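Chemist: According to TrEMBL, the feature transmembrane segment maps to 6-26, 110-132, 144-166, 178-197, 203-224, 236-261, 281-302. Residues annotated as region 'Disordered' in TrEMBL: 44-74. What TrEMBL records for 57-74 is compositional bias 'Acidic residues'. Summarising the annotation, TrEMBL assigns domain 'NFD4 C-terminal' to 97-308.
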Amino acid sequence: ALDKSICYVFIAMMITFMIAPLAIPVKMTVFPRGKKLGRSITVPLLPKTSPVPGQTSEDEDRGTEEDYPEPDTDTDTLLAIGESAVVKQKRRPRIGEDFKFKEAIIRADFWLLWLVYFLGAGSGVTALNNLAQIGSARGNSIDTTLLVSLFSFCNFIGRLGGGAVSEYFVRSNSIPRTIWMSLTQAIMCISFLLYTSTLSSNLYIATALIGIGFGVQYTTMIPAASELFGLKNFGVIYNFILLGNPIGAFLFSGLLAGYIYDAEAVKQGASTCLGSACFRLTFLVLAALSGVGTMLGLYLTLRIRPVYQMLYSGGSSHHMSSLH
C-alpha cells in the first residue's frame with residue numbers, strides 16, 4: 001500500500017509540473033496590465049543629408065557614379081563574378097552556422113556530441129530496460145514497480161530541470177550546454193558503482209540519480225545540436241544523433257547485460273539469475289563508459305566554449321576563427 005501511495009504521489013507531482021505553465025495565462029487574464037502606448041516615431045531614422053551649395057541633382061548622380069565605378073568591360077564583370085563564386089564554393093560553414101548533414105558529419109564536434117549522447121543515453125536506457133530483473137535478482141525485498149516509477153519520475157525531473165538550468169547558465173555565463181551532459185554522466189558513473197552494493201537503499205538512490213542523468217542527456221543534446229549546427233537541416237542532424245539511444249540499448253542492454261545475465265544464470269543452473277553477481281560486471285562496464293563520456297563531454301565543452309561566447313556574450317568573429 002505504501003509503494004502504491006508513493007507511485008500516486010509521483011504521478012500527482014508530474015501532473016502538477018505539467019499544468020503549472022497554465023498559471024501564466026490565467027494570471028494575465030484575471031489581472032491584466034494596462035498597456036503603455038509608446039509615442040510614434042516622427043523623426044526619420046536616417047537623417048537627410050543637406051545638398052552641397054551650388055550642386056544640382058545631376059551633379060549628385062554623377063558623384064554617385066564616380067564613388068562606385070563600374071567595371072570597364074564585360075570581361076571584368078565576368079571575372080569578378082567568377083572570383084566571388086569560387087570564394088563562396090570553397091568556404092565551409094563554421095560551428096554555430098547552418099550546416100548541411102554531409103558537412104556536419106565531417107566535423108569532430110559532431111562526432112564528439114554523438115559519442116557523449118550515445119554513452120549517456122545508452123547506459124541510462126540499459127538501466128531502465130533491466131530494472132525489473134535488477135530488482136528481482138536482489139530478492140523479494142525490492143519492489144520493481146517502485147523502481148520503475150522512481151526512474152520515470154526522476155527522468156521527468158531531469159528533462160525539465162536540465163533544460164531550465166542549462167538555459168539559465170548559457171544566457172547568464174555563456175556556459176555550453178554540454179557541460180551538464182558531462183556532469184550528469186559523472187554522477188551516473190558513481191550511481192552504477194552504487195548498483196554493485198548489496199544495500200537496498202543504494203539501489204533506490206542509484207536508480208533516482210541515473211533517471212535524472214538520463215533525462216538531462218536528452219534535453220541538453222537537442223538545443224546543443226541546434227546551436228552548433230544550425231536549424232536549416234536540424235531535423236536530419238538531430239535524428240542521426242538520436243540514433244545513439246537505440247544503438248546503445250542494443251549494444252549495452254541486448255548484448256552486454258543480456259549475455260552476462262544469461263551466463264550467471266547458467267552458472268546457477270536456473271533460467272533466472274539471483275544475487276548481485278547477475279549485473280555486477282554490467283554495472284562496472286557502464287560505470288567505465290560513463291566515465292569516458294564525462295571526459296569526452298568536458299573536452300567538447302572546451303572546444304565549443306568560444307561558440308557560446310559569440311552566441312550569448314556578443315563576442316566578435318575572432319572566436320569563431322579560433323576553432324579552425
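Keep in mind that glycine also has a Cβ here, set from the backbone N, Cα and C atoms.
No curator has checked TrEMBL annotations; they are predicted automatically.
Looking at the shown structure, what environment does each listed feature sit in?
Modeler: Listed by sequence, the residues of this chain that lie at least six past the ends of the transmembrane segment (110-132) yet keep a Cβ under 8 A from its Cβ atoms are 104, 144, 147-148, 151, 155, 178, 181-182, 184-185, 188, 192, 195, 207, 210-211, 213-214, 217-218, 221, 224-225, 228-229, 237, 240-242, 244-245, 247-249, 251-253, 256-257, 261, 279, 282, 286, 289-290, 292-293, 296-297, 299-300, 303.
Long-range contacts of the transmembrane segment (236-261) within its own chain (CB-CB distance under 8 A, at least 6 residues past either end) are made by residues 99, 101, 104-105, 110, 113-115, 117-119, 121-123, 125-126, 129-130, 133, 221-222, 225-226, 229, 273, 278-279, 281-282, 285-286, 289.
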Chemist: Residue list, the transmembrane segment (281-302) vs rest of chain: Cβ under 8 Å, 6 or more residues beyond ends.
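Modeler: Residues 109, 112-113, 115-116, 119-120, 122-123, 126-127, 130, 176, 178-179, 181-183, 185-186, 188-190, 192-193, 195-196, 252, 256-257, 260-261.
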